[in-house]
Amino acid sequence: MTKYIFVTGGVASSVGKGITVASLGRLLKSRGISVSIQKLDPYINVDPGTMSPYQHGEVFVTEDGAETDLDLGHYERFIDENLSRVNNITTGQIYSSVIQKERRGDFLGGTIQVIPHITNEIKSRVALVAKNTNADVVIVEIGGTVGDIESLPFLEAIRQMKKDVGRDNVMYIHVTLLPYLQASGELKTKPTQHSIAELRRVGISPAVVLCRSDLPVDDDMREKIALFADLPNEAVVALPTVDSIYEVPLVLEEAGLGDLIIERLALAAQPVQLDEWRSLVARIKQPKRHTTVAIVGKYVELRDAYMSVAESVRHAGWAQDIQVDIKWVSSEELEVADPVTMLGDVQGIIVPGGFGYRGVEGKIRAVRYARENKIPFLGLCLGMQCATIEFARFALNAPDANSTEFNPNTKLPVIDFMPDQLDISDKGGTMRLGVYPCILAPDTKAAKAYGRELALERHRHRFEFNNKYRKAMEAAGFVISGHSPDGRLVEIVELRDHPWFVASQFHPEFKSRPNNPHPLFRDFVQAALEQIAE
């Protein structure tokens with residue numbers, strides 16, 4: 001029978017609950033236990049697909065085309081498993097489903113209430129993960145903090161799960177913050193005590209309390225929290241801030257949390273195998289070489305908007321004992337600034353995805369700088385479209401070249417709406433989403449990177465390369481190195497006369513893993529390092 005671990009948060013949001021959950025998954029998987037992880041988001045949006053990156057950060061796309069919370073990216077990277085749309089549930093999805101059932105008459109005229117109808121729907125979504133994956137353990141993160149009004153139905157649902165599946169099959173873990181008061185020079189436990197009391201008020205008693213802090217937590221403080229929480233001292237685990245998020249599984253393992261979970265849930269575990277993870281952390285801490293690459297985007301003030309891109313760059317570096325320093329460059333500032341001033345000190349340039357015209361001309365200037373100065377370049381989604389526009393404007397001498405996203409009346413639409421997107425009015429969940437096959441052209445940089453003829457990559461876009469201009473572009477040195485199986489959709493482009501210039505319509509960053517970097521990022525970082533040697 002599947003066991004469940006429910007992870008709640010207290011005192012403050014953004015304390016690293018998602019990383020903690022992902023790390024728990026890694027600890028269990030390192031013991032031969034199959035794991036799946038689910039995120040319950042209390043917001044009323046159906047999904048984050050139409051939310052501003054400034055409010056939500058990155059939208060992470062799963063293999064089956066779900067637009068999900070960025071924490072799912074952490075989950076996939078830590079447990080090295082592909083997740084699906086059932087792994088991210090929102091209040092919007094829950095209420096939409098219940099209302100649809102009521103309209104169909106599924107409730108036989110009954111009065112629809114939060115309890116039992118909403119809570120039953122939540123529980124059914126949690127159970128669906130276990131059914132679909134047959135995992136030994138499903139770890140469920142409840143978004144937000146205890147005390148948030150939006151979270152109450154989710155807390156009630158996970159409280160009921162203990163009765164539904166048996167108390168021996170459920171474990172509650174509470175992640176809380178120990179704030180530091182500079183005036184008194186100490187960490188304070190009172191907010192954590194109140195958070196635990198609030199959790200108990202809704203009928204949940206945590207079996208483990210994880211204490212996040214920027215400073216070490218001494219034994220006396222842990223004992224104080226354990227006394228208040230009615231827990232053994234070893235069930236209060238200190239989780240201080242570390243240099244790399246990939247250290248967290250090792251910190252938790254050293255604290256004995258892995259064994260504690262195994263004992264509490266009576267899991268049949270193999271001896272722990274974390275040697276590969278320890279080797280990863282050692283490479284992170286002791287790089288042999290360094291290089292700097294720029295990420296040019298319009299959301300660089302909130303780096304969470306490019307979470308998977310940044311992580312993929314780092315993965316590629318660590319695999320080659322390289323520390324990749326990221327220079328964040330505002331594409332809006334680059335529209336008016338000298339590119340040499342902003343990009344002259346980097347060995348590689350990435351233009352990631354995005355939507356809307358704001359900052360696009362700055363991205364195009366970054367592409368031009370990379371092309372003309374032979375700087376390694378990687379374009380992602382919109383970055384590929386910007387590379388297409390730049391080449392048409394400045395290599396083909398077609399200054400009017402543009403995308404119909406930015407200028408619907410452009411005379412040279414080298415990027416245009418996909419035909420099946422023309423009649424779509426709803427914005428949410430209607431793009432070309434999820435994994436699609438890509439045929440790689442032989443003797444290209446893309447084919448060399450992948451080492452095979454077929455790639456399966458995740459997409460999130462409405463616009464595509466306009467094949468009307470394909471022959472003219474190719475004649476000038478623009479290489480179509482990847483396309484859909486029917487040959488109609490351009491998936492990867494590169495330049496013939498450039499050391500390393502590759503751009504993809506898909507999002508390779510969603511498939512990179514810390515111990516298995518994506519081949520396009522790997523070769524991009526290698527090309528950037530070679531710039532230093534030159």
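Each residue, glycine too, has its Cβ placed from N, Cα and C.
Annotated region 'Amidoligase domain' per Swiss-Prot: 1-267, in sequence order.
Taking a C-beta cut-off of under 8 angstroms and a sequence separation of 6 or more, S13 (UTP binding site) has the following same-chain neighbours: G144, T145. In the three-state DSSP reading, S13 (UTP binding site) counts as coil. Annotated UTP binding site per Swiss-Prot: S13, K188, T189, K190, P191, T192, Q193, K224, in sequence order, evidence recorded as sequence analysis.
What Swiss-Prot lists as CTP binding site is S13, D148, I149, E150, K188, T189, K190, P191, T192, Q193, K224. Counting every protein chain shown, 26 other Cβ atoms lie within 10 Å of the Cβ of T192 (UTP binding site).
Taken from Swiss-Prot, the feature ATP binding site covers S14, V15, G16, K17, G18, I19, D71, and the record attributes it to sequence analysis. Within 10 Å of the C-beta of K17 (ATP binding site) we count 26 further C-beta atoms, all protein chains included.
Its Cβ taken as reference, R462 (L-glutamine binding site) is surrounded by 17 other Cβ atoms within 10 Å in the chains shown. Here Swiss-Prot flags Y54, G354, L382, G383, M384, Q385, E405, R462 as L-glutamine binding site, drawing on sequence analysis.
Residues or ranges marked as Mg(2+) binding site by Swiss-Prot: D71, E141. All protein chains included, E141 (Mg(2+) binding site) registers 28 other Cβ atoms within 10 Å of its own Cβ.
Marked as domain 'Glutamine amidotransferase type-1' by Swiss-Prot: 292-534.
When secondary structure is read from DSSP and collapsed to three states, C381 (active site, nucleophile) falls in the coil class. Swiss-Prot lists C381 with the feature active site, nucleophile, giving sequence analysis as the kind of evidence.
Contacts of H507 (active site) defined by a Cβ separation under 8 A and a same-chain sequence distance of 6+ are given as V61, S308, G353, L380, C381, E457, R458, H459, R460, in order along the sequence. Under the DSSP three-state reduction, H507 (active site) is assigned to coil, being neither helix nor strand. Summarising the annotation, Swiss-Prot assigns active site to H507 (among others) and lists sequence analysis as the type of evidence.
What Swiss-Prot records for E509 (among others) is active site. Sequence-distant neighbours of E509 (active site) (same chain, 6+ residues apart, CB-CB distance under 8 A): S308, V309, E311, S312, P352, L380, H518, F521.
Summarising model confidence by region, the domain 'Glutamine amidotransferase type-1' (292-534) averages a pLDDT of 93. Counting every protein chain shown, 16 other Cβ atoms lie within 10 Å of the Cβ of K224 (UTP binding site). Annotated pair T192 (UTP binding site) and S14 (ATP binding site), C-alpha to C-alpha distance, rounded: 15 Å. Recorded residues G18 (ATP binding site) and Y54 (L-glutamine binding site) have their alpha carbons 18 Å apart, per Cα-Cα distance. Checked against I149 (CTP binding site), the binding-site residues V15, K188, G354, M384 differ in C-alpha distance, with V15 being the nearest. Under the DSSP three-state reduction, T189 (UTP binding site) is assigned to coil, being neither helix nor strand. For the binding-site residues G16, G18, P191, G354, the largest tally of other C-beta atoms within 10 A is found at G18.
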